[in-house]
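S.K.: Got a structure for you, questions after.
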Amino acid sequence: MQIFVKTLTGKTITLEVEPSDTIENVKAKIQDKEGIPPDQQRLIFAGKQLEDGRTLSDYNIQKESTLHLVLRLRGGMQIFVKTLTGKTITLEVEPSDTIENVKAKIQDKEGIPPDQQRLIFAGKQLEDGRTLSDYNIQKESTLHLVLRLRGGMQIFVKTLTGKTITLEVEPSDTIENVKAKIQDKEGIPPDQQRLIFAGKQLEDGRTLSDYNIQKESTLHLVLRLRGGMQIFVKTLTGKTITLEVEPSDTIENVKAKIQDKEGIPPDQQRLIFAGKQLEDGRTLSDYNIQKESTLHLVLRLRGGY
């Protein structure tokens, strides 16, 4: 059968092949036609880098399929992968390698199946289809390898419309990862998602285990209104603080924002609006607090009542 190989210069090469040809054979044919040594060739099909030992039929490459040929930079670069046991593995990679390729290299060295590997860089879990250069991973960068527990666990996410979404997660998944999974399923951008568990809004950088979220726990998904609103908080010293909030923010969330701005621990804050002391578990909309409302902040004396 015939297949096509497209180079980065836009040139298309036609090859005569068999479904049982290995990728290695195909690279040899490209060398015959174009003079490019196989060790400088990387072949991509359907977004995947093809491995030398596999056959065309393994990748479901059929007649008149088009492969993409990327030239491997001589020498590539080294990166390090640190495991939880403290062992450091050195890998030879290219900036254009996908995370999937990196996991395959780790499997070659360490025997760990890719589906049990989670790679972390700069606090972010790396996605299989992305490349090292997408994440700005450069020579001698260190990735962290976390083993994925077989099977993980299921959690539920309930929306305000009453719909319940089931997600496959790991205890070590970050809230950011969970929001990405919700985006995959429901198409809701992470920056419009707020996740609540046990009355608390969950922070992107924390993990499910940080919040003691276990299998079959239910999270609540609240959509963040674009833009939110501003409110003011006036202290006894007369100072006024401006906060960006959502009507669905809890009083607890507001106290956390005040702590971020002013350094006052939430347990020392009492918030008053319309003569009422506000309770942690309630939301701003529960108290009809609207944009540009002013709350009063009274400090709770330590040990007081």
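Positions of Cβ are set from backbone N, Cα and C atoms, glycine also.
What Swiss-Prot shows for this protein is this:
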{"type": "CROSSLNK", "residues": "Lys48", "note": "ubiquitin cross-link"}
{"type": "SITE", "residues": "Arg54", "note": "site 'Interacts with activating enzyme'"}
{"type": "MOD_RES", "residues": "Ser65", "note": "phosphoserine"}
{"type": "SITE", "residues": "His68", "note": "site 'Essential for function'"}
{"type": "SITE", "residues": "Arg72", "note": "site 'Interacts with activating enzyme'"}
{"type": "MOD_RES", "residues": "Gly76", "note": "ADP-ribosylglycine"}
{"type": "DOMAIN", "residues": "77-152", "note": "domain 'Ubiquitin-like 2'"}
{"type": "CROSSLNK", "residues": "Lys82", "note": "ubiquitin cross-link"}
{"type": "CROSSLNK", "residues": "Lys87", "note": "ubiquitin cross-link"}
{"type": "CROSSLNK", "residues": "Lys103", "note": "ubiquitin cross-link"}
{"type": "CROSSLNK", "residues": "Lys105", "note": "ubiquitin cross-link"}
{"type": "CROSSLNK", "residues": "Lys124", "note": "ubiquitin cross-link"}
{"type": "CROSSLNK", "residues": "Lys139", "note": "ubiquitin cross-link"}
{"type": "MOD_RES", "residues": "Ser141", "note": "phosphoserine"}
{"type": "DOMAIN", "residues": "153-228", "note": "domain 'Ubiquitin-like 3'"}
{"type": "DOMAIN", "residues": "229-304", "note": "domain 'Ubiquitin-like 4'"}
S.K.: Tell me, what is the mean pLDDT of the domain 'Ubiquitin-like 4' (229-304)?
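M.R.: Mean pLDDT for the domain 'Ubiquitin-like 4' (229-304): 88.
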S.K.: Which whole-number value in Å describes the distance between the Cα atoms of Lys139 (ubiquitin cross-link) and Lys48 (ubiquitin cross-link)?
M.R.: 22
S.K.: Can you tell which of the recorded positions Arg54, Lys82, Lys103 lies nearest to Ser65 (phosphoserine) in space, using Cα positions?
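M.R.: The answer is Arg54.
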S.K.: For the C-alpha pair, I'd like the distance in angstrom between Gly76 (ADP-ribosylglycine) and His68 (site 'Essential for function'), rounded off.
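M.R.: With distance taken Cα to Cα, His68 (site 'Essential for function') is 19 Å from Gly76 (ADP-ribosylglycine).
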S.K.: Let's check the environment of Lys103 (ubiquitin cross-link): how many other CB atoms sit within 10 Å of its CB?
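M.R.: Other Cβ atoms found within 10 Å: 22.
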S.K.: Determine, from DSSP, whether Lys103 (ubiquitin cross-link) sits in helix, strand or coil.
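M.R.: The residue in question, Lys103 (ubiquitin cross-link), is helix (DSSP, three-state).
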S.K.: Looking at the recorded positions listed here (Lys48, Arg54, Lys82, Lys87), whose Cα lies nearest to that of Ser141 (phosphoserine)?
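M.R.: Nearest candidate: Lys82.
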S.K.: Spatially speaking, which of the recorded positions Lys48, Arg54, His68, Lys87, Lys124 is closest to Lys103 (ubiquitin cross-link)? Use C-alpha to C-alpha, please.
M.R.: Lys48
S.K.: What number of additional C-beta atoms lies within 10 angstroms of the C-beta atom of Lys139 (ubiquitin cross-link)?
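M.R.: Around the Cβ of Lys139 (ubiquitin cross-link), 12 other Cβ atoms lie within 10 Å.
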S.K.: Pick the one among the recorded positions Lys48, His68, Lys87, Lys105, Lys124 whose Cβ has the fewest other Cβ atoms within 10 Å in this structure.
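M.R.: With the recorded positions Lys48, His68, Lys87, Lys105, Lys124, fewest surrounding Cβ atoms within 10 Å: Lys87.
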S.K.: Long-range same-chain neighbours of Lys82 (ubiquitin cross-link), Cβ under 8 Å, sequence gap at least 6?
M.R.: Thr88, Ile89, Thr142, Leu143, His144, Leu145
S.K.: Are there any residues at least 6 positions away along the chain from Arg54 (site 'Interacts with activating enzyme') with a Cβ closer than 8 Å to its Cβ? List them or say none.
M.R.: Thr22, Ile23
